[in-house]
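For reference, the structure is listed below as structure tokens.
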Amino acid sequence: MTGTDVSADTTPFFSDDNEGEGPTDNGVGSPQPEEEESASGVSDKRAKLTVAVLCYINLLNYMDRFTVAGVLPDIEHFFSISDGTSGLLQTVFICSYMFLAPLFGYLGDRYNRKLIMCVGIFFWSLVTLASSFIGKDHFWALLLTRGLVGVGEASYSTIAPTIIADLFIKEKRTNMLSVFYFAIPVGSGLGYIVGSEVDDVTGDWHWALRVTPGLGLLAVILLLFVVQEPKRGAIEAHPEHTLHRTSWLADIKALCRNPSFVLSTFGFTTVAFVTGSLALWAPAFLFRAGVFTGEKQPCLKAPCDNSDSLIFGIITVVTGILGVASGVQVSKMLRIKTPRADPLVCAAGLLLAAPFLYLSIMFAQASTVATYIFIFLGETFLSMNWAIVADILLYVVIPTRRSTAEAFQIVLSHLLGDAISPYLIGVVSDSIKKSDSYMWEFRSLQMSLLLCSFVAVGGGAFFLATALFIEKDRHLAENYVPSGFTGKQALTTLSSESNI
């Protein structure tokens, strides 16, 4: 077998654990780790440093994304805007991120990924810094800059996982990707914490937006001097003649005929809807609940009381780590008993999260402690889905369609999920509100947030439906034979692979 084709464009983003790794035994007994290092072109030490840098940037990515939510009461007071208008801040960001993610995925497959990420991170840091100087008569400028931040973050989020996939295989890859995705809840929680604390110290919410730009500049320096881009697909040696690439339209048609992929994508969309709603509105809702019960003073001048953002940020960090880790472990244990473990765990997570989210919203007027406890449990169960959904996609979709499947899932889950949910919750809240009293500010947002519980139940139903097809679709993906690829050719290929 020659090494001339292993980095071809037909190499997929990810590979299953049981996919070929190239030659493993040449009769001399050379150790596998050395072959992996030489194939990717990156030493083992440098590969781990690369993952560490990418995890730092991913944490910064989500920290920047949720800093605005951490100071939302101050922003609403500063610009004198309604719930529906403030909900646009998240919607505009998600929309630009969503629509440009496939474009950067396409570029990342064909051009220098490190350079694309450096330019994107520098751009998003510059725009975030610019947004911190916007005056109270120019809310439109804040919307514009939040949209431009989405452009920069899309250039990173769609590319970084592919670099990790080109550095590691099998269990190492799974472990490194798990660490990478742990940065999502940790970074999100830090966004609330840093935003609220900086606002309290400085007395001006603008300073909360001036923290991540400096960290972003450090990220660019680390990318330039620490990260070494691996050769695309070189670490895994698929027999390319059995993985024929089809047209984009053919890939989309095939994905639409894959019920496990479609149903799990809709299930994940409900997760995005709920998390997007809570990400923007939970701290503001908890603040209004405190004003309604008399525990907090209304925000008449900046800075507002952002203690709820701090507490919610800490809860998000802890529940994210617990949820992701417990979801993966429970799924591993259940796989011994049933091959349908993954979608069943996802369904259980959403169905268990729904009543706790409902109770957290309804108890906000009665007990602050009970509210935080229910939020903790609800977010923990909700977070069980993140890593498992990604795993489902990988084993029900053939390698040459995985990048397209990733892009398809990103667009759909954001389009119907967290791109519309913050704005929708705000609009519903405005429509319910009968007056500008503190009571109705709380009640209207309370009623609109109840929608999250019902959406979570719907997501559980989608994952239960996924469990009906998961075995068949996984079998089809693992035993895929391209059209026009004859049985004799398949047998010849298998025979040649066994003799390598």
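Every residue number used here counts from 1 along the chain in the order it is shown.
From the backbone N, Cα and C atoms, a Cβ is placed for every residue, glycine too.
The feature transmembrane segment, as given by TrEMBL for the ranges 49-67, 410-428, sits at 410-428. Contact between the transmembrane segment (88-108) and the transmembrane segment (448-470) does not hold: fewer than three of their C-beta pairs are under 8 Å, each pair 6 or more apart in sequence.
Within the same chain, the transmembrane segment (115-135) stays apart from the transmembrane segment (410-428): fewer than three Cβ pairs sit under 8 Å, each pair at least 6 residues apart. Among the recorded stretches 176-195, 207-227, 448-470, the one sharing the largest number of Cβ pairs closer than 8 Å with the transmembrane segment (372-398) is 176-195. Under 8 Å from some Cβ of the transmembrane segment (176-195) lie the Cβ atoms of residues 51, 54-56, 58-71, 160-161, 164-165, 167-168, 205, 208, 211, 279, 283, 306, 309-310, 312-321, 323-324, 328, 383, 386-387, 390, all in the same chain and six or more residues away from its ends. Most Cβ pairs under 8 Å to the transmembrane segment (261-282), among the stretches 207-227, 343-366, 410-428, 448-470, belong to 410-428. Between the transmembrane segment (343-366) and the stretches 207-227, 410-428, 448-470, the greatest number of Cβ pairs separated by less than 8 Å involves 448-470.
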